[in-house]
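J.: Quick one: the structure is below, and I'll ask about it shortly.
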Amino acid sequence: MSHYTKPKSRRPATLPSSHSHATTSNSRSLTEDQRGEIKEAFELFDVDKDGAIDYHELKVAMRALGFDVKKGEVMKLLKEHGGEDGLMDFLAFERIMTEKILARNPEHELRRAFELFDDDRTGKISLKNLRRVARELGETLGEEELQAMIDEFDLDQDGEINLEEFLAIMLDGE
């Protein structure tokens, strides 16, 4: 049997009955939304609903939370925080994801997001870029709505959003 997949017979779930309220000392620094996202990712990818995730489920759950992890890192996390059976329970997952989320650099994350919009690598988000992202996200926004979004945040009035304008929009209020 490979250590990458769950065995047929599983240990009982190690979650307390009130696991939705279980927190670590660091998780108090997370927003309710962030804690909810961690719980939702775990529950979504714990496909057999036994309170434990294997290698593949851990990798996909971490990716869903915005962490693109390599095989070696996932294996290390399972070895250090999982059980002898190679499975990880919710409390360990919550602890790891809390640390990772709190260690994020918001400006770095926003620069990566900007690059997703700027797929033609012009250094600016154009109406065309915004239209593509809206379509990929399944948003049905009209041309006028998309243009209004650009106009509202286009500080230098060049018809596009550059990185500085994007950061100003996204970091407003922090």
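One-based numbering along the chain as shown.
Here the Cβ of each residue, glycine as well, is placed from N, Cα and C on the backbone.
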J.: The Ca(2+) 1 site in Swiss-Prot lists ASP46, ASP48, ASP50. Which one of GLU40, GLU57 belongs there according to the record?
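T.: When Swiss-Prot describes the Ca(2+) 1 site, the candidate it includes is GLU57.
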J.: How many whole Å apart are the CA atoms of ASP156 (Ca(2+) 2 binding site) and ASP46 (Ca(2+) 1 binding site)?
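T.: Per the Cα atoms, ASP156 (Ca(2+) 2 binding site) and ASP46 (Ca(2+) 1 binding site) stand 48 Å apart.
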J.: GLU57 (Ca(2+) 1 binding site) has how many other Cβ neighbours within 10 Å of its own Cβ?
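T.: There are 22 such Cβ atoms around GLU57 (Ca(2+) 1 binding site).
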J.: Check the binding-site residues ASP48, ASP50 for other C-beta atoms within 10 angstroms of each C-beta and report the one with the most.
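T.: The residue with the most neighbouring Cβ atoms within 10 Å is ASP50.
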J.: Around the Ca(2+) 2 site (ASP154, ASP156, ASP158, GLU160, GLU165), what further same-chain residues have their C-beta within 8 angstroms of the site's C-beta centre?
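T.: What remains near the Cβ centre is LYS124, ILE150, PHE153, LEU155, GLN157, GLY159, ILE161, ASN162.
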J.: So for GLU160 (Ca(2+) 2 binding site), how many other CB atoms are inside 10 Å of its CB?
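T.: 19, counting other Cβ atoms within 10 Å of GLU160 (Ca(2+) 2 binding site).
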